[in-house]
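> Pasting in a structure now, in structure tokens, and then I'll have a few things to ask.
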Amino acid sequence: MNKHFRVSSIRQRTRFGCDVIKINKSFWEFCAKLIGLAFSCAVGITFLVLGCALPQFNNWWPMFVLFFYVLSPIPTIIAKRLADSYDSPSSACVELCVFVTTGIVISSIGLPIVLAHTEIIQWGACGLVLAGNVVVFLTILGYFYVFASDDFDYSMW
């Protein structure tokens, strides 16, 4: 069981007569990290939507980077599940998955630049989409940093 979800078995009776279960401090730290990740992802998606929906831009082609947001963590999840040790420097599976993830991230940065260069979207929309890309990919990186503990097991998926 994950250490973040342990509930101590100490029950206290309040002065009003109801029982209170004390929750471990690490649970609240975990919740704060998860809420922070959700907020930063919402900020990144907001930049993306602003790059598409503002009246001066009004072009929804940059929304295709959402596919890259969904695809980018998949190779890392596969590598963590299939590789013997993610920390070993010579695992071919890990190296391939890092290469594929890098290609996905670079493609998500290149798509709005190519769309702006061919004048399908404006450069202001490209800037907003790139800002959204940076925020969302840092959020994905933060997700893997938060869940990098040894207690979190990918085999339960």
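Including glycine, each Cβ sits where the backbone N, Cα and C put it.
Here's the feature list from TrEMBL:
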TRANSMEM  34-54  transmembrane segment
TRANSMEM  60-79  transmembrane segment
TRANSMEM  91-114  transmembrane segment
TRANSMEM  120-146  transmembrane segment
> Mind pulling out the one from 34-54, 60-79, 91-114 with the most Cβ pairs under 8 angstroms to the transmembrane segment (120-146)?
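Most contacts with the transmembrane segment (120-146): 34-54.
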> Restricting to the same chain and to residues at least six past its boundaries, which positions have a Cβ under 8 Å from a Cβ of the transmembrane segment (60-79)?
48, 51-53, 86, 91, 93-94, 96-98, 100-101, 104-105, 107-108, 111-112, 115, 120-121, 125-126, 129, 132-133, 136-137, 140, 143-144, 154, 157
> When you scan the chain for residues with a C-beta under 8 Å from the transmembrane segment (91-114), skipping those not six or more beyond its ends, what do you find?
51, 62, 64-65, 68-69, 71-73, 75-76, 78-79, 82-85, 121, 125-126, 129-130, 133, 137
